[in-house]
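Feature annotations, reproduced from Swiss-Prot:
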type     : residues     : note
DISULFID : Cys2-Cys13   : disulfide bond
DOMAIN   : 9-122        : domain 'C-type lectin'
DISULFID : Cys30-Cys121 : disulfide bond
DISULFID : Cys98-Cys113 : disulfide bond
Amino acid sequence: DCPPDWSSYEGHCYRFFKEWMHWDDAEEFCTEQQTGAHLVSFQSKEEADFVRSLTSEMLKGDVVWIGLSDVWNKCRFEWTDGMEFDYDDYYLIAEYECVASKPTNNKWWIIPCTRFKNFVCEFQA
């Protein structure tokens, strides 16, 4: 079961935070919310679609931080929860390190980590 204000999908809990933070501050914020929580990681298109359903109406076309970056390991993107990045729909090459998702169309954007964005946290229930 997920705590109040969190949504459940496939054994994980998700929550959209309409607060503006840099990527690293958002990741730290997520880890403080629940044991094992991180910025959201996507392991399937269906999971990404579920998160999109939580956020798209509130964002009106903006992007949200997700837990994918190459902040710690240049040239190799990794999820903050330790899951391997093997999401077939995306191939990432960019000059920036942090990834945001645009929920209205599930497109991913690689942008500077210092931008202020809303975000989604996730943890295993």
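If you go along the chain as it appears here, the first residue is 1 and each next one adds 1.
Here the Cβ of each residue, glycine as well, is placed from N, Cα and C on the backbone.
Not measured: the values here are computed from a predicted model.
Shown on the structure are the features that Swiss-Prot records.
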residue : record         : Cβ within 10 Å
Cys2    : disulfide bond : 16
Cys13   : disulfide bond : 21
Cys30   : disulfide bond : 26
Cys98   : disulfide bond : 27
Cys113  : disulfide bond : 19
Cys121  : disulfide bond : 24
Mean of the pLDDT scores, which run from 0 to 100, over the domain 'C-type lectin' (9-122): 84
10 Å Cα neighbourhood of Cys121 (disulfide bond): matching disulfide-bonded residues from Cys2, Cys98, Cys113: none
Residue counts (helix, strand, coil, in that order) that DSSP gives for the domain 'C-type lectin' (9-122): 26 helix, 37 strand, 51 coil
